[in-house]
Amino acid sequence: MSSILPFTPPVVKRLLGWKKSAGGSGGAGGGEQNGQEEKWCEKAVKSLVKKLKKTGRLDELEKAITTQNCNTKCVTIPSTCSEIWGLSTPNTIDQWDTTGLYSFSEQTRSLDGRLQVSHRKGLPHVIYCRLWRWPDLHSHHELKAIENCEYAFNLKKDEVCVNPYHYQRVETPVLPPVLVPRHTEILTELPPLDDYTHSIPENTNFPAGIEPQSNYIPETPPPGYISEDGETSDQQLNQSMDTGSPAELSPTTLSPVNHSLDLQPVTYSEPAFWCSIAYYELNQRVGETFHASQPSLTVDGFTDPSNSERFCLGLLSNVNRNATVEMTRRHIGRGVRLYYIGGEVFAECLSDSAIFVQSPNCNQRYGWHPATVCKIPPGCNLKIFNNQEFAALLAQSVNQGFEAVYQLTRMCTIRMSFVKGWGAEYRRQTVTSTPCWIELHLNGPLQWLDKVLTQMGSPSVRCSSMS
């Protein structure tokens, strides 16, 4: 069957006229890629129009797009059951598409709620929000429904609203400055920093008996098992909100003003690269540090040259690599996708094998030991850092002195191993015993810590990796 569309209905042409352009061809081959993108967009719109004609909601979609009005009605399509497309759901993934959407060999609707259009697979509300509002949209984590949307994606109803004006982009919250007293005493040496590298951490599986600690700001979405495309319901969010009191946790209230001190506000600012990633094999650093500038990136085991959205470990060589490391590298596959959205960092396991994460910020949220290693199964994701939680901790630690603030440095470092886990329940008990692992440094929080420590009074001994 030819892939060329024989006829484009006028309504499809009108709707395509409102499509948002991503801008830029991306260099050589951009023309061909743009041509393929245009064809895909036309198929996506044509497919949607066909479904909406049967339900009489097509006029409402056109009204929403042309008026750009959020007060329009819901425009819904069935949210589950591949049978509605008259096609079976493929159970294998043929190819990873560079747009971040799964790629299959035929058009269908899968059981996980994702929509298949011409070799690309994604959540329907994300597809059409990208098409008509935000071409740079990467994930459903970046979207939240407006209050009057009755069929929002997160409500998990039989139908899902694809009205692009019923969704908003998640905004990064503005973190209030931390009020820091200027201390006159200068420390002669740095306090010892908790180091979990050589300790034997506890282990936990995700999901587990997770209950957020009441003295921390609730997650959005709240803690719980998050499937490949899942979010918890608003009811669960309200229950989570009842367990704590965010008003009591704001950095301003955690830093009581003492007018006898010389208090200076220290503000948070976003760096050009939100995180830096180093790759290790056992206890040996391999390759150069990857600096992440994009809100979404993958760390995988393939061999394509790395770009701003992809860190390929398959290209990296190591003369000391043994057979165990070689075998593990072959199983990294699609690896892990990292999102930095709205001041929150998520890790999604794309590999066929689990990933293992040690995130002190995440562990503190759930009341685990700071060194706990959490297993993330394939197709699941976990929030591994939250800027607002960190801001509250920082403001609280300022009142406890230089050492308490300095200890937060460890919270800005996240370790993650591929395929093989480590900890008390595993043969490998330290991260440096795992064949393949990465270490993330969150640059924004680290730079904020540096400014706060400088304001508090820098010690005379310089910080180093050995301190």
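Positions of Cβ are set from backbone N, Cα and C atoms, glycine also.
Here is what Swiss-Prot says about this protein:
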COMPBIAS  207-217  compositional bias 'Polar residues'
COMPBIAS  233-243  compositional bias 'Polar residues'
MOD_RES   SER2  N-acetylserine
MOD_RES   THR8  phosphothreonine
MOD_RES   LYS19  N6-acetyllysine
MOD_RES   THR220  phosphothreonine
MOD_RES   SER240  phosphoserine
MOD_RES   SER245  phosphoserine
MOD_RES   SER250  phosphoserine
MOD_RES   SER255  phosphoserine
MOD_RES   SER458  phosphoserine
MOD_RES   SER460  phosphoserine
MOD_RES   SER464  phosphoserine
MOD_RES   SER465  phosphoserine
REGION    207-251  region 'Disordered'
MOTIF     221-225  motif 'PY-motif'
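The distance from the Cα of THR8 (phosphothreonine) to the Cα of LYS19 (N6-acetyllysine) comes to 15 Å. Around the residue listed as 'N6-acetyllysine', the same-chain residues six or more apart in sequence whose CB sits under 8 Å from its CB are CYS41, LEU131, TRP132, listed in sequence order. Around the Cβ of THR8 (phosphothreonine), 12 further Cβ atoms fall within 10 Å across all displayed protein chains.
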